[in-house]
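Asks: One structure follows; several queries about it will come next.
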Amino acid sequence: MRVPLSWLREYVDFELGVERLVELFTLHSQEIDGVYRLGVTAGEVVVGEVVEFGPHPNADRLSVAKVDLGGREVQIVAGAPNPYPGARVPVVLPGSVMADGTKLKKAKLRGLESYGMMMSERELGISADHGGILLLDETHEPGRPVADYFPVGETVIDIDVTPNRPDLWGMIGVARELAAILRTEFRVPEIPYEAGGEPTGAFGLRVEAEDLCPRYDLRRVSGLAPGLEAPLWMRRRIHAAGMRPINAVVDATNYVMLETGQPIHAFDAAKVHGGIVARRGRPNEKITLLDGTTRTLDGEMLVIADEERGLVIAGVMGAEDAEVSAGTTDALIEVANFAGDNILRTSQRLGLRTDASGRFERGLDPNMADLAMGRVVGLLARNPGGDVAPDTLSHYPEPVQPWRVPLRLPRAELLLGMPVGAEEAASRLGALGCEVEADGQELAATVPTFRRDLRREVDLVEEVGRLIGLDQVPEELPGVPQPGGLTPDQQRRRLLRRLLADLGLSEAITYTFGPRRWTDDLNAQGGAGAVRIKNPLSAENGNLRASILPGLLDAAARNKTFGLRGGAIFEVGRVFAPDPPSRALQGAALKFRMTGSVDALGPDAEPNKDSLMGVREEESVGVVLAGTIRPAGWNAPPVRAGFFEAKGLVERLVPGATFAPDAPSFLHPGRSAVVRVGEVKAGWVGELHPETAEKFGLDGWPVAAFELDPGVCRPDVEPRFEPFVSVPAIARDLAVVVERAVPVGEMAASVQGIGGLLAEVRVFDVYEGDQVPEGHKSVALGFVFQGERTLTDEEVDAEMARITAHLDERFAGRVRS
Amino acid sequence: MAVNGRIEELKNAALSAVRGAESTAALEDARVRYLGRSAELTEIKKSIGTLSPDERKEVGRSANLASREIEGALEAKTAQLSAGEREERLRAEAVDVTLPGVPHPRGNLHPSQRIIDEVVDFFVGLGYGVAEGPEAETDYYNFTALGIPPGHPARTMQDTFFLDDGLVLRTHTSPVQVRTMLSQPPPVYVVCPGRTYRRDSDPTHTPMFHQIEGLAVDRGLTLGHLKGTLAAMARHVFGDDVTVRLRPSYFQFTEPSVELDVSCFRCGGSDPNCKVCKGAGWLEMLGAGMVDPGVLEEAGVDPEEYTGFAFGMGPDRMAMAKYGIPDLRLFFEGDLRFLRQF
Ligand SMILES: [Zn+2]
């Protein structure tokens with residue numbers, strides 16, 4: 001809402017700089033989006049009379065004038081050709097400052113002195129018109145300041161009105177608010193007129209759709225002088241408030257809308273057949289609007305029609321047909337109230353939002369019609385000078401009455417946390433237009449109907465609180481009667497993220513929705529499909545992710561294009577899968593989703609309501625290692641992404657995990673594994689299948705990845721003391737040749753299982769090549785033996801023999817000498 | 001006596017060999033030659049038994065004295081030489097200390113997550129729990145239960161992603177608060193961090209972003225408790241010097257509703273060209289308010305007995321302010337040039 005301060009001063013007096021005004025509004029009422037300046041912000045503008053006007057001797061497109069500034073003649077060079085000897089013009093004097101900050105100086109233009117400047121409407125902030133110099137009428141006296149007639153500069157504050165305050169969509173409401181903040185008076189000057197024109201009753205009024213149209217008032221103004229524009233002061237205000245002046249009648253309706261917040265429509269009475277009908281749209285009814293578009297109505301849209309055709313989509317936009325124009329001499333003025341939710345629906349259906357629809361959809365006060373009607377016909381009577389009909393046709397079957405809202409002061413003090421005096425509360429509410437009765441600590445406010453947001457005690461508490469000032473609210477801490485903390489799952493995810501970061505990985509957060517190729521290119525497992533977004537931002541980004549991997553792969557590919565040599569990223573977040581309820585429960589599911597009701601599930605409802613959600617949502621942790629994950633150092637080779645780098649991380653996150661082939665098909669078939677904890681599948685780890693890498697634009701980079709259920713991760717294992725023996729342990733090594741296909745992990749685990757004095761097994765080398773038969777490999781194992789007392793060589797030899805025999809028996813392993 | 005003379009000669013020869021030794025190896029040679037098993041002096045000592053008792057006594061004494069003297073010299077010279085040699089060795093072992101050490105690269109936590117962790121830790125310290133809920137949420141929990149029934153104008157303000165019938169991607173984390181209130185009786189003290197979604201994409205809006213909302217419902221909670229709690233939170237995140245102010249505002253599920261501004265942690269309002277606050281001196285930090293009695297009732301809580309406050313903030317924007325990040329879109333690209341800065 002753009003509020004020109006000179007307009008605001010018509011209703012309320014204030015002596016404040018604009019900065020202080022903005023601050024007061026911000027702290028007590030609404031946010032201010034901006035402050036704009038128009039016209040001349042400092043200096044002097046006087047009325048001048050053109051004495052001579054002719055072409056500039058040295059420039060084709062310039063003119064030169066001699067202008068009388070009230071006994072003083074000056075020479076002014078002008079760009080516009082429209083002044084003439086005898087014309088009265090506004091002249092801004094050197095030293096003045098324009099709205100854009102430029103300071104006007106005496107100048108020489110193409111060799112001629114120019115003292116100041118004759119001004120256009122735009123330069124004075126009256127309108128957007130820059131077509132010529134503004135010509136003033138005879139009432140403007142040469143030499144007098146123009147400001148004696150109308151303001152030459154304007155400051156406009158742009159209020160960001162919250163949706164609960166439609167009363168602030170008008171200057172009068174803003175003035176009332178400011179007066180309440182400043183604890184001062186405000187007034188609405190009357191616009192007197194005499195009635196006596198053609199009767200409105202010559203036309204009919206019928207409201208058929210009463211539910212959509214709580215009030216409809218119609219009044220005729222006849223005998224209008226055609227072809228006039230609105231007076232300068234009015235056009236100036238309309239322009240400053242951000243609207244475009246059109247003609248005298250339309251401007252008067254817009255002016256009163258800006259003043260009261262109430263949209264007003266004017267019909268050309270000569271084009272209305274029979275009377276006005278407010279009805280629902282008819283099947284397939286079409287209406288061609290002012291903006292030139294033809295719209296098809298439906299049966300829930302309200303139409304203002306005459307007996308023959310639709311004239312206006314109520315509250316949204318009128319048709320060309322019956323609109324007032326420059327030639328209109330007889331007008332029917334509509335001031336109506338429409339059901340806000342219906343206007344919202346219509347405007348959404350049509351994809352058409354207008355200033356009027358935006359106001360109606362918030363729900364306006366039907367009682368505002370009287371004030372608005374009185375002011376608009378009064379203004380029309382003055383200009384373009386019409387005759388106001390003696391009668392108003394009004395449909396208002398259920399007048400809205402002010403309502404009473406009680407306010408208990410202790411309740412206000414509890415909610416606000418500060419003392420609230422009865423007198424203060426009463427006067428604050430009074431300033432907002434309430435009538436307040438007080439009985440000790442109990443107040444009762446009769447709320448004016450333009451404050452439809454004040455329905456409950458708590459609404460009044462807010463008003464009192466903000467007007468007293470929220471800076472008065474003390475800072476206190478409540479005593480929280482419970483221990484806080486993360487749940488074990490939350491704690492685990494927190495540790496997991498910290499651990500991965502400590503291990504050198506970077507945490508990424510990627511979009512949880514993405515393109516179809518995320519599932520297609522990963523050969524989506526099981527064919528369960530993805531959860532779809534019905535209205536994605538772009539058609540190809542409509543799938544919720546079923547895995548964290550594709551988002552991280554896209555990120556890795558971007559990093560590759562950026563010229564990076566590789567990196568390690570991880571993300572912890574949700575993945576989604578469709579989980580439709582059974583056919584029998586589909587009705588119950590929809591009811592639950594729309595109303596929260598789980599009655600249909602019977603006595604077990606609470607614990608089972610998740611089954612109605614339709615989407616299974618789980619936490620997941622994903623890691624992608626791509627390219628060179630650690631650059632070469634001066635004494636260390638580079639580390640490149642690979643299966644064992646990824647597996648090592650998995651082993652750190654999930655101690656005791658087991659690994660077996662049979663991983664998803666988007667992975668390298670020979671370099672991937674399913675990760676299990678006991679019998680439970682915890683995820684997968686592996687290098688990317690070259691085909692997958694190519695699809696994601698990662699070809700040429702080694703890529704290894706894993707994805708795990710964070711629930712099975714143990715970033716921090718609860719420690720438990722194990723007794724240890726302090727006699728020295730004995731270490732022995734052994735190299736065994738086995739067939740290449742033998743899994744070394746199994747060998748080590750199997751040896752570990754033989755027990756006895758063997759405390760530890762470690763694989764420290766795997767070798768193929770010279771001195772190892774074709775198709776075989778040599779595996780070097782290190783053992784640590786530990787007894788209750790110092791072991792003898794013989795004892796250890798016996799254990800080694802047992803191990804050798806076991807390896808021979810289970811794995812056909814031959815000891816290399 | 002001839003033997004004693006020989007002992008004297010040997011001693012002098014040994015001492016001069018020791019003095020002249022230039023390495024611990026040469027010294028060892030000298031030790032073997034003059035005191036070793038087959039050294040002449042050793043031989044003399046062995047042959048003492050064949051001498052007369054008088055000679056035995058005298059030769060024994062001078063041989064022992066000579067041995068001791070040689071040993072003493074050896075010891076002194078060894079210490080001298082080995083100290084020098086150790087120094088030599090250390091000199092040779094010197095490295096270029098300006099070369100980098102073995103790398104233990106630091107990883108990174110996402111800037112939004114850093115803020116979330118900080119805020120969550122603060123509230124956990126006060127005694128709050130942490131609640132989470134589904135990102136694919138029902139229409140009821142996301143809207144209706146918060147006083148935004150179907151057809152309400154506020155629904156159009158939140159450009160919503162729709163899933164299956166009656167399901168949306170949550171537009172805020174408020175439904176988690178509703179679920180919390182429905183699942184436990186007061187007192188409730190909980191924060192709800194998480195991802196949220198709005199169908200909006202431009203330089204200052206991403207269709208996915210984070211929120212942290214909080215809810216306290218108890219007997220006797222006031223706007224003052226809200227203000228004090230959030231002021232302490234702001235100081236935890238932005239430093240001890242910041243102050244807060246409340247401004248009236250409007251939200252569907254709180255009444256009174258306020259917005260909380262935090263004084264600029266960079267300039268405190270003193271710099272008209274400040275990059276952080278753009279000269280305003282204040283940063284818009286969060287929306288908050290006293291829980292609307294209608295919302296309490298919807299959750300089965302008697303608003304006459306209990307009051308509560310709720311608040312919501314955007315950790316992404318807080319991270320932008322705190323770390324000086326110019327563009328929200330950087331947050332969700334996985335760009336390592338960005339991530340590695342945190
Ligand atoms: Zn600043």
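Backbone N, Cα and C atoms are what each Cβ position is placed from, and that goes for glycine too.
Below are the features listed in TrEMBL for this protein:
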type	residues	note
BINDING	A:Asp453, A:Asp459, A:Glu462, A:Glu463	Mg(2+) binding site
DOMAIN	A:39-147	domain 'TRNA-binding'
DOMAIN	A:400-475	domain 'B5'
DOMAIN	A:725-816	domain 'FDX-ACB'
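Please situate the listed features within the shown structure.
Replies: Sequence-distant neighbours of A:Asp459 (Mg(2+) binding site): residues of the same chain at least 6 apart with a C-beta under 8 Å from its C-beta are A:Val405, A:Asp453.
Each residue in the domain 'TRNA-binding' (A:39-147) gets a DSSP state, and the totals come to 6 helix, 47 strand, 56 coil.
Averaged over the domain 'FDX-ACB' (A:725-816), the predicted model reaches a pLDDT of 91.
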Asks: Out of A:Asp453, A:Glu462, which of these binding-site residues shows the lowest number of other CB atoms within 10 Å of its CB?
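Replies: Relative to the other binding-site residues in A:Asp453, A:Glu462, A:Asp453 has the fewest Cβ atoms within 10 Å.
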Asks: Could you give me three numbers for the domain 'B5' (A:400-475), the DSSP helix, strand and coil residue counts?
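Replies: Across the domain 'B5' (A:400-475), the residues distribute as 33 helix, 17 strand, 26 coil.
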Asks: For the domain 'FDX-ACB' (A:725-816), what does DSSP give as the number of helix, strand and coil residues?
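Replies: Counting residues by DSSP class gives 28 helix, 32 strand, 32 coil.
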Asks: Near the Cβ of A:Glu463 (Mg(2+) binding site), how many other Cβ atoms are there if near means within 10 Å?
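Replies: Its Cβ has 25 other Cβ atoms within 10 Å.
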